[in-house]
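A.B. asks: Structure provided below as structure tokens; questions to follow.
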Amino acid sequence: MDSVNNLCRHYEEKVRPCIDLIDTLRALGVEQDLALPAIAVIGDQSSGKSSVLEALSGVALPRGSGIVTRCPLVLKLRKLKEGEEWRGKVSYDDIEVELSDPSEVEEAINKGQNFIAGVGLGISDKLISLDVSSPNVPDLTLIDLPGITRVAVGNQPADIGRQIKRLIKTYIQKQETINLVVVPSNVDIATTEALSMAQEVDPEGDRTIGVLTKPDLVDRGAEGKVLDVMRNLVYPLKKGYMIVKCRGQQDIQEQLSLTEAFQKEQVFFKDHSYFSILLEDGKATVPCLAERLTEELTSHICKSLPLLEDQINSSHQSASEELQKYGADIPEDDRTRMSFLVNKISAFNRNIMNLIQAQETVSEGDSRLFTKLRNEFLAWDDHIEEYFKKDSPEVQSKMKEFENQYRGRELPGFVDYKAFESIIKKRVKALEESAVNMLRRVTKMVQTAFVKILSNDFGDFLNLCCTAKSKIKEIRLNQEKEAENLIRLHFQMEQIVYCQDQVYKETLKTIREKEAEKEKTKALINPATFQNNSQFPQKGLTTTEMTQHLKAYYQECRRNIGRQIPLIIQYFILKTFGEEIEKMMLQLLQDTSKCSWFLEEQSDTREKKKFLKRRLLRLDEARQKLAKFSD
């Protein structure tokens with residue numbers, strides 16, 4: 001008697017709290033965030049899976065042909081003390097149905113399945129929970145999954161087999177799940193779909209238990225094959241196999257009670273010439289299976305708790321950080337709302353100013369806006385330099401035209417100023433569209449950066465975001481137009497060929513000295529060739545002089561355009577653009593009647609925040625439960 005009492009105390013002190021903890025976490029919805037230790041029951045249709053669960057739970061579950069289990073069924077069994085009354089409860093969605101008699105279970109589950117999956121043969125991944133408290137059940141929680149079917153029949157969806165497999169796989173592939181695979185003893189174990197699926201997700205068989213059913217239907221002479229399976233010689237599983245004999249259809253029709261069925265099962269294995277050894281080894285009968293599963297689940301839970309605690313803490317931190325990204329909740333009263341809006345707009349304006357002043361924070365691998373603009377301006381300067389270095393066919397044509405057609409009394413070497421001026425004007429004018437194109441590229445770049453800040457700061461407030469984005473577009477068009485007008489005006493001014501005398505003289509002198517130095521170098525390298533070329537024809541003198549003057553003016557022109565165009569763009573497209581946005585945002589605050597409208601959150605943002613808050617709430621509760629369990 002003392003040993004029995006000690007065993008009861010062991011269950012009450014160790015086993016039940018472990019299982020209750022996981023059941024509580026599952027009831028809180030923690031399984032939405034991470035996997036919980038569980039035993040999932042799978043089997044092909046007509047494998048005897050329902051009979052095994054009935055034998056363990058002591059209640060009649062839905063039976064019939066075709067798909068009977070159409071939703072995952074969480075079967076929570078709680079052992080009561082002798083003399084306590086049976087009680088049950090079926091829960092799904094927000095519905096709870098209290099049961100006072102085991103005979104009410106089947107109808108309640110059918111109603112739940114019809115409610116969730118619809119009347120018919122469809123399936124759903126939503127859970128139905130069945131709580132059974134009785135002196136005749138073990139402390140155990142199982143998840144019953146739909147039976148595997150290969151072919152759709154009747155009104156079943158054509159892809160019903162694929163749907164069921166996908167549903168089963170979501171459970172059995174989790175490392176936290178022990179897979180209880182139910183297989184009839186009278187079939188070739190290698191052909192069963194359930195065992196094949198279990199092997200696919202658990203190749204080493206580390207977390208799979210096999211349960212053989214219907215041993216009374218094994219053909220005479222085939223008993224040895226069943227024993228080979230039980231001895232792990234055919235399809236090895238590290239957790240091995242159990243074998244049970246549940247009520248058959250005739251037993252049910254004859255209303256054989258579960259107690260009588262257990263007695264009948266005990267006699268069957270005890271008297272069987274082959275299978276009696278399995279009873280002696282504790283591998284046969286439903287009571288042995290129940291004890292084994294309780295031990296497996298309890299051990300599995302205890303091993304999983306440290307990792308589970310880490311996962312809950314990690315999920316809590318992740319959800320907290322994600323919720324923080326959405327910012328503070330919007331205040332309820334108007335005065336505080338206005339203050340909230342002012343703070344949001346002030347923060348946005350600060351971010352815009354940081355961007356303009358090249359003080360913004362950028363992610364790793366990205367670069368600041370001003371760095372991107374500087375690269376554009378450097379490319380512009382390089383473009384001008386390369387452009388002026390190249391001899392335009394038009395320049396050569398103009399000089400030939402002057403030599404051959406229009407040269408008058410000028411002595412060799414004198415430059416026609418009108419020809420010089422004409423060449424300069426056309427060459428400089430050709431750069432105008434390149435400058436305007438750069439303006440448009442930079443404008444797009446700057447607007448993109450401004451809108452990115454806008455989306456980051458106001459992305460959750462659709463009305464405020466759309467209003468500000470529209471205003472930014474207006475400001476962009478105005479600033480771009482003003483900048484373009486000034487750029488085109490600058491190029492019009494560049495049509496006046498002018499340079500300070502002293503500057504021009506110095507530049508021309510430098511160019512001539514460089515070219516003279518080149519000629520000296522050539523003479524040193526090849527004196528004979530230099531002697532022949534030194535007798536300049538009159539055409540060569542004029543062309544050389546013209547080229548030198550063009551180079552001198554190009555240098556000064558390049559300095560002007562290379563500096564002035566980027567300054568114009570920076571002023572209108574960066575500095576003034578940002579300042580106008582800042583003014584515009586402050587003007588939005590003037591209309592206080594729109595404060596609430598501006599702060600209306602997008603529906604998906606509201607839902608996401610609600611979701612994260614619910615998640616944090618259940619994770620907080622889960623942490624409390626774990627802490628209490630550990631004490």
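The backbone N, Cα and C atoms fix where each Cβ goes, glycine too.
According to Swiss-Prot, the protein carries these features:
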type: BINDING; residues: 43-50, 144-148, 213-216; note: GTP binding site
type: DOMAIN; residues: 33-306; note: domain 'Dynamin-type G'
type: DOMAIN; residues: 543-631; note: domain 'GED'
type: REGION; residues: 43-50; note: region 'G1 motif'
type: REGION; residues: 144-147; note: region 'G3 motif'
type: REGION; residues: 213-216; note: region 'G4 motif'
type: REGION; residues: 245-248; note: region 'G5 motif'
type: REGION; residues: 307-332; note: region 'Bundle signaling element (BSE)'
type: REGION; residues: 332-499; note: region 'Middle domain'
type: REGION; residues: 333-601; note: region 'Stalk'
A.B. asks: Could you tell me what the rest of the chain brings near the region 'G5 motif' (245-248), counting residues at least six beyond its ends with Cβ under 8 Å?
C.D. replies: 48, 51-52, 54-55, 213-216, 256, 258, 261, 264-265, 268-269, 285-286
A.B. asks: Which residue counts does DSSP give the region 'G5 motif' (245-248) for helix, strand and coil?
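C.D. replies: The region 'G5 motif' (245-248) comes out at 0 helix, 0 strand, 4 coil.
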A.B. asks: In sequence order, what residues of the same chain, 6+ apart, have a Cβ less than 8 Å from the Cβ of Lys49 (GTP binding site)?
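C.D. replies: When sequence neighbours closer than 6 are ignored, Lys49 (GTP binding site) has Val41, Ile42, Gly43, Asp144, Gly147, Val182, Thr213 within Cβ distance under 8 Å.
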A.B. asks: Within the same chain, where does the region 'G4 motif' (213-216) have neighbours whose Cβ lies under 8 angstroms from its own Cβ atoms, ignoring anything closer than 6 residues to its ends? I mean 6 or more beyond.
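C.D. replies: Same-chain residues near the region 'G4 motif' (213-216) but 6 or more away: 47-49, 51-52, 182-186, 226, 243-246, 248, 268-269, 272, 275.
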A.B. asks: Counting every protein chain present, what is the number of Cβ atoms, excluding its own, within 10 Å of the Cβ of Leu145 (GTP binding site)?
C.D. replies: 26
A.B. asks: What is the Cβ neighbour count of Pro215 (GTP binding site) at a 10 Å cut-off, with all protein chains included?
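C.D. replies: Taking all protein chains shown, Pro215 (GTP binding site) has 23 Cβ neighbours within 10 Å.
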A.B. asks: Give me the DSSP three-state residue breakdown of the region 'Bundle signaling element (BSE)' (307-332), ordered helix, strand, coil.
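C.D. replies: Summed over the region 'Bundle signaling element (BSE)' (307-332), the classes give 19 helix, 0 strand, 7 coil.
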A.B. asks: Counting by DSSP, what is the helix, strand and coil composition of the region 'G3 motif' (144-147)?
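C.D. replies: Summed over the region 'G3 motif' (144-147), the classes give 0 helix, 1 strand, 3 coil.
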A.B. asks: Could you give the number of helix, strand and coil residues in the region 'G4 motif' (213-216) as assigned by DSSP?
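C.D. replies: Per-class counts: 2 helix, 1 strand, 1 coil.
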